Amino acid sequence: MQEFTNPFPIDSSSLIHCMTNEISCEMLANGILALGCKPVMADDPREVLDFTKQSQALFINLGHLSAEKEKAIRIAASYAAQVCLPMVVDAVGVTTSSIRKSLVKDLLDYRPTVLKGNMSEIRSLVGLKHHGVGVDASAKDQETEDLLQVLKDWCQTYPGMSFLVTGPKDLIVSENQVAVLENGCTELDWITGTGDLVGALTAVFLSQGKTGFEASCLAVSYLNIAAEKIVVQGMGLEEFRYQVLNQLSLLRRDENWLDTIKGEAYE
C-alpha cells in the first residue's frame, strides 16, 4: 500500500465550511471537531460568501437541495474556484434527480478538488448503466472495471480533480493514481450520514495541504478503521453511532493507524 504521511496533529485554526443536508449536519460538525478542525454550516445566499472567504476548505453536499441552497452553492463554488480553495462536491442523489445531476455537471466547471459519490451515483454521472434508487447505491453496481476506465478519461478532461467512489471496496482515481481500499464494516450502513462524513473528513485533510487523492484515501480509511475498532456483536444502532464519533477522536492518537489501511494503490 502507498505510504501516506500522518496528517495529525491537525491545524486547529482550520475552518471547514460544510454546505450539507440537515439530517447529517450534527454528525459532520462533531466529526470535524473530533479531528481537530472547526466546522461552520452556512447556506443562506446572503451570507455564504462571508463564511466561504474565511474557510480553509469547502464541502458541498447535495442532500436536501432547494432553489435557495442551489444559489448559495453556486456562489460558494464560484469563489472557491477563483481563489483555489480546496473543494469537495458530494453528488448525492444524482441517480434520481435530473436537477442534481445538472448542478453537479455545472459545478465541474469550478474544478472541485474531489468529486465524491457512491458507485451508483458516479456511474450515473459519467453515463454508465446503474441501478441506484433514491440516494442509495445498488449491489448490482459494484463492478469497477468499466467505471475505472471512464474515470481515468474524466480525470484527463478535468485535470487536478480526484474521484472518491464509496462502496464495499472504495475506489479513488486521479490523473495518475488509483487506489482500491478495503477497510470498513457493514455496520456503517446502519446509520445515516456516514457517507456525508467521509466527504467532510476529506475536506479536513485538504485543508492541511493534502492532494485530492491523498485526502480521499485518508478520509475514507480513517472512518472505516475507526468503525472496525468498535464493531461488537449485539451493539444497538444508537450505541454504534455514538462510538463512531467517539473513535474518530481517539484514533488520531494512534501513530500507527496508517499501517492498518487495507488495499492497493498504483499508477
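All residue numbers here begin at 1 and follow the chain in the order shown.
Each residue, glycine too, has its Cβ placed from N, Cα and C.
Now, the feature entries from Swiss-Prot:
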type    : residues       : note
BINDING : MET41, GLY193  : substrate binding site
BINDING : LYS116, THR166 : ATP binding site
Per DSSP, three-state class assigned to GLY193 (substrate binding site): coil
Inter-residue C-alpha distance, LYS116 (ATP binding site) and GLY193 (substrate binding site) (nearest angstrom): 14
Roughly how many Å separate the Cα of THR166 (ATP binding site) from that of MET41 (substrate binding site), to the nearest whole number? 24
According to DSSP, does MET41 (substrate binding site) fall in a helix, a strand, or coil? coil
Fewest neighbouring Cβ atoms within 10 Å: which of the binding-site residues LYS116, THR166, GLY193? GLY193
